[in-house]
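Visitor: For S107, E176, H204, the entry in TrEMBL reads Mg(2+) binding site. According to TrEMBL, the ATP binding site annotation covers R324, D346. As annotated by TrEMBL, compositional bias 'Polar residues' applies to 372-389. Annotation comment: TrEMBL describes 78-252 as domain 'Mur ligase central'. Taken from TrEMBL, the feature region 'Disordered' applies to 372-392, 477-502.
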Amino acid sequence: MNPQDARELRGHLVTMVEGNETLKDSQMAYEEALDALSSLIVNRRRCDKSGDQFELMFEYVKMLDLEESMSQMKVIHVAGTKGKGSTCTFTESILRNCGFRTGLFTSPHLIDIRERFRLDGIDISEEKFLTYFWCCYNRLKERTSEDIPMPHLFRFLALLAFKIFSDEQVDVAILEVGLGGTFDATNVVQAPIVCGIASLGYDHMELLGNTLGEIASEKAGIFKRGAPAFTVFQPDEAMRVLKDKASQLDVQLTVVPSLDPELLHGRKLGLEGEHQYLNAGLAVALSSTWLHRSGHSELSYVEQSRSLPEQFIEGLTTASFEGRAQIVPDRYTDVECPDELVFYLDGAHSPESMEACGRWFSAAVRHNQLGNLNHQSEDNGSGTSSNKLQGYDNDEARKKSVQVLLFNCMAVRDPQLLLPPLIKTCANNGVNFKKALFVPNTSVFNKVGTHGLPETDEQVDLSWQFHVRRIWEDTKQCDKGSDSKGTGAVLEEESEKSEVGGKNCGNSTVFSSLPLAIKWLRDSVLQQNRSVRLQVLVTGSLHLVGDVLKLIK
């Protein structure tokens, strides 16, 4: 090697070492911030008890000098049991495509805490996150006391969102309520431009009440005098309460229908599932009203019109929201043919959303099977078929599609209300699960971020998972239409081996960790000589969906 080459090589090595050190420093700085965030978790639920010192939120806003900027912030505020995150996502996408700078605050995150804060449709950068985080955290540390302690996790995250959106000078801030409405941290906003209530149902009843009326009353707590409100069709009990609350505050409450698919001119919504047309209809109403009340009526949608503005169509059809009706092929088994193991992810966790999830999964499975049949019958485009393509098609034709459920739900929810509607909806649409896998969540409740690792297998309490499995087995026992043989038999041999990583019982298995369940699924495909196509529905918990995404992506 000549001296010149040697010098260049040394220069490259120095650059690489410095780059690695910079990356390591960046990772350490981020982990330090996540450790500080974790110190704000005060209980395993990660949420405040309804009404617990809510008035302190106004003190925190003063401490961060956000009073003036928040009073000028043009906010769209959305509550609901299911669909509120999707509604916010559609709304943000529409207004961004109309040319506005957008800020979107949603919860929970699936993989990275920064997902909760989107600027112009993109998760906030790590650099900006750290800058704003330490600004808020240090300021509050300096000014809080025994009488006014540090805010709990979600309250801090909401305050951080206000700080980010204020300093980034967004044109519109779209806020998804975390839990309930009346005492949610986002409800510190006093003058939103418009409010929305997505579909209501039974969830978080330990905090919000046991009836739809009580739940609706909490959600309607975001109504503000002078700000119009929109909702979708609700059960009678819930609708009565919403109308009564609106009347008390002289709020104009309008019920909007589902979006007519014809308005999209042959295009599809960016978020999958028929139920998304309901959320899209609400998003169109919220966006149009925000545009009108913000002095941009020329861009808004006139209800009588049979044509949506192009910006609305673009926003609705390009919106994306991970973990909601999301399909992810597992490329670990085969990069060239990733459809042998496909994960269908949806964070449904209420009875109504489980039904919607079941309808979406059934339709997606049918579409996948029809797509394979169409692919087998099509020419390769050149008038001739290569041997490789013919072999691929023949292999595809021989594959057996098997539907598997990967499930967990939080202990505050009743699996007896979640599993039966899912099983029944799928069965009514011709889909029967041949296997169910039950796992604990990988993420833990006393840590935020990538370093929240699960306990070792020996320490995991699986009593909840065994309880959920018993409900599954009892429900399936009553479901005489389920197929215990046929295509399901291809998993029997592998099921017998699953004792190594989990506790097997009939058509279900409890695994002590999620990675073991994923390994079992991958092994099942590989050990069946690629004759099986596993279609795995992951649902019951957004935390579970996030954990799966971490492992497979």
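The backbone N, Cα and C atoms fix where each Cβ goes, glycine too.
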Visitor: Within 10 Å of the Cβ of D346 (ATP binding site), how many other Cβ atoms can be counted across all chains shown?
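Guide: A count of 26.
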Visitor: Please report how many Å separate the Cα atom of R324 (ATP binding site) from that of S107 (Mg(2+) binding site), as a whole number.
Guide: 13
Visitor: Enumerate same-chain residues with a sequence separation of six or more from S107 (Mg(2+) binding site) and a Cβ-Cβ distance below 8 A; give 'none' if the list is empty.
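Guide: Those within reach of S107 (Mg(2+) binding site), by Cβ under 8 Å and sequence separation of 6 or more, are G85, R116, F154, L157, E176, G178.
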Visitor: Including all protein chains shown, what's the count of other C-beta atoms within 10 A of the C-beta of E176 (Mg(2+) binding site)?
Guide: 25
